[in-house]
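As annotated by TrEMBL, region 'Disordered' applies to 1-25. The transmembrane segment feature in TrEMBL is assigned to 41-60, 66-87, 117-139, 146-172, 184-205, 238-258, 264-284, 291-308, 314-331.
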Amino acid sequence: MSNTTLTAPAQGDAAGKPTPNEPGRTVGLGTLAGRMARQGGLLAVIVVMVIGFGIAKPFFLDSSNLMNVLLQSAVVGILALGQTYVLITGGIDLSIGSTVAVTAVCAGLFSHSMPPALAILGALVVGALCGLVNGLLITVTKITPFIVTLGTMSIYAGLALIIAGGQAVYGIPTGFQDALAGGIAGIPIPVFLFVVLTIVSALVLKYTLFGEYLIAIGGNSEVARLAGIRVGRHTASAYVVAGAGAGLAGAILTARLGAADPTLGADLLLTAIAATVMGGTKLAGGEGSMVGAAFGAVLIATLTAGLTSLNVQAFYQQVAVGAAIILALLVDQAARARKA
């Protein structure tokens with residue numbers, strides 16, 4: 001992914017208005033090399049962790065265990081991809097955990113009366129609608145994304161409980177579970193979807209106008225507007241994508257657990273944001289990496305699984321994961337300071 005440079009129209013323009021031409025884009029080799037180095041660094045850390053945990057507990061290197069680590073990272077990774085779209089615009093979506101809860105419940109209820117494909121699609125639509133509400137509230141009211149999504153986080157969490165009647169939805173049909181908890185050529189479907197979505201999202205961000213516009217909006221929304229970019233529409237679209245990703249995550253969790261828990265998703269928000277930021281996405285917007293977000297999710301899952309294999313208690317795991325996130329951000333901040 002490259003830097004985006006927007007140029008406002010010359011003052012001598014006959015109409016005196018900005019033209020909606022495609023913004024110029026410049027690619028700095030140093031910046032590109034820095035991003036590749038950051039992603040390579042994350043991958044190296046993952047490899048070192050796998051080897052280290054494997055030495056301590058040889059079973060950690062079993063193919064089935066490594067695949068389980070990827071499976072654990074899939075849901076967080078899918079959420080991190082959606083969050084990356086939002087963070088790149090300079091926004092944030094605090095409601096994705098609650099959106100997962102709503103869509104998980106809806107997926108569970110849909111599965112009782114719909115074919116698996118339609119139930120999954122229904123969960124995606126519900127998630128996208130939650131994202132659309134976020135996007136419209138932000139772009140129409142001009143209230144900061146943090147405040148808007150903090151409010152919708154509470155609303156969606158309440159809706160999940162209301163829709164589910166305050167209890168988990170059980171009796172998920174086997175067909176629905178197999179559709180998202182099964183495997184393709186030995187690869188769990190959630191992992192397959194995670195990999196495909198990472199590739200697609202990386203291509204969208206790097207090679208499409210939509211990706212370029214999101215970067216431009218995050219860099220300077222006013223300059224983007226003057227360049228003819230429909231800032232409100234593209235910003236709202238980013239939240240829709242994030243919501244749809246949360247919808248898919250909710251459906252996957254319902255299929256894997258065989259039940260839909262309306263309190264699900266509370267722990268997913270911070271983990272998804274952490275994976276995104278660890279991958280090189282700036283909280284201030286204007287820069288992000290889909291591959292980096294994916295690596296961030298895998299790193300967190302690897303650390304958690306490794307500590308579990310060492311019988312480290314859950315509350316110590318939380319401390320370790322938090323420390324790893326802070327360390328990664330400090331290293332990234334130091335690297336950016338050296339480049340500046």
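Each Cβ is built from the backbone N, Cα and C atoms, and glycine gets one as well.
Segment contact is absent for the transmembrane segment (314-331) and the transmembrane segment (146-172), given fewer than three CB pairs below 8 angstroms at sequence separation of 6 or more. Same-chain residues lying 6+ beyond the ends of the transmembrane segment (184-205) with a Cβ under 8 Å from its Cβ atoms: 1, 67, 70-71, 73-75, 77-78, 81, 84-85, 88, 211, 214-215, 245, 248, 252, 256, 288-291, 293-294.
Relative to the transmembrane segment (117-139), the listed stretch 238-258 leads the set 66-87, 238-258, 291-308 in CB pairs under 8 A. Long-range Cβ contacts of the transmembrane segment (66-87) within its own chain (Cβ-Cβ under 8 Å, at least 6 residues beyond either end) map to 50, 60, 93, 96, 100, 145, 186-188, 190-191, 193-194, 197-198, 201, 205, 214, 218, 238-239, 241-246, 248-249, 252-253, 268, 271-273, 275-277, 279, 281-283, 285, 288-290, 293-294, 296-298, 300-302, 304-305.
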